[in-house]
Amino acid sequence: MDVLVINGPNLNLLGTRQPQFYGHKTLADINNDLLKIAKENNINIDFYQSNHEGQIIDKIQQTAAKIIIINPAAFTHTSVAIRDAFLAINKPFIEIHLSNIYNREEFRTKSFLSDIAYGCIFGFGPNGYTLALIEAINYINMKGE
């Protein structure tokens, strides 16, 4: 596998949950958009969503992906364990958020992942996933993997 896309808690509710922040696209819509781009670029992509921190950590530890795109959602601001999982596997990842976490409540402005991420994309709604995938493809091509 080339790219793993991980979505954290409550992202299974996209399309209906706080559309003023997250838009009207569902997670399935976003995944379908990414799948089309991946196919056009001969990239193998897999998708995973969980509301449970430990399951996300297990997925990070077990993946054979060359690069990970993650929207950790609320775990962004709380999970030292997810941070430690990324440090343990030593693989590049791109942190993504639909909303700009720096334009939200104060507690949402701290990310436990940003400083160790290959890159971060915040505030572009569902298009942020597309931007992340394009950069993941660029990374794979740059590394010649």
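Here the Cβ of each residue, glycine as well, is placed from N, Cα and C on the backbone.
Here Swiss-Prot flags R17 as site 'Transition state stabilizer'. Per Swiss-Prot, active site, proton acceptor is recorded for Y22, and the stated evidence type is sequence analysis. Look at Swiss-Prot and you will find N71, H77, D84, L98, S99, R108 tagged as substrate binding site, backed by sequence analysis. If you look up Swiss-Prot, you'll see H97 marked as active site, proton donor.
Structure coloured by features recorded in Swiss-Prot.
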{"residue": "R17", "record": "site 'Transition state stabilizer'", "contacts (Cβ under 8 Å, 6+ apart)": "N10"}
{"residue": "N71", "record": "substrate binding site", "contacts (Cβ under 8 Å, 6+ apart)": "I6, N7, G8, L11, E95, I96, H97, L98, Y129"}
{"residue": "H77", "record": "substrate binding site", "contacts (Cβ under 8 Å, 6+ apart)": "F107, R108, K110, S111, F112"}
{"residue": "D84", "record": "substrate binding site", "contacts (Cβ under 8 Å, 6+ apart)": "none"}
For N71 (substrate binding site), the three-state class that DSSP assigns: strand
Those recorded positions listed as H97, R108, and which of them has the most Cβ atoms within 10 Å of its own Cβ: H97
Three-state secondary structure, R17 (site 'Transition state stabilizer') (per DSSP): coil
Reduced DSSP assignment, H77 (substrate binding site): helix
Mapped DSSP class for H97 (active site, proton donor), helix or strand or coil: strand
Assigned element (helix, strand, coil) containing R108 (substrate binding site), judged by DSSP: helix
Cβ neighbour count (within 10 Å, all chains shown) around S99 (substrate binding site): 18
Cβ packing number for L98 (substrate binding site), 10 Å threshold: 24
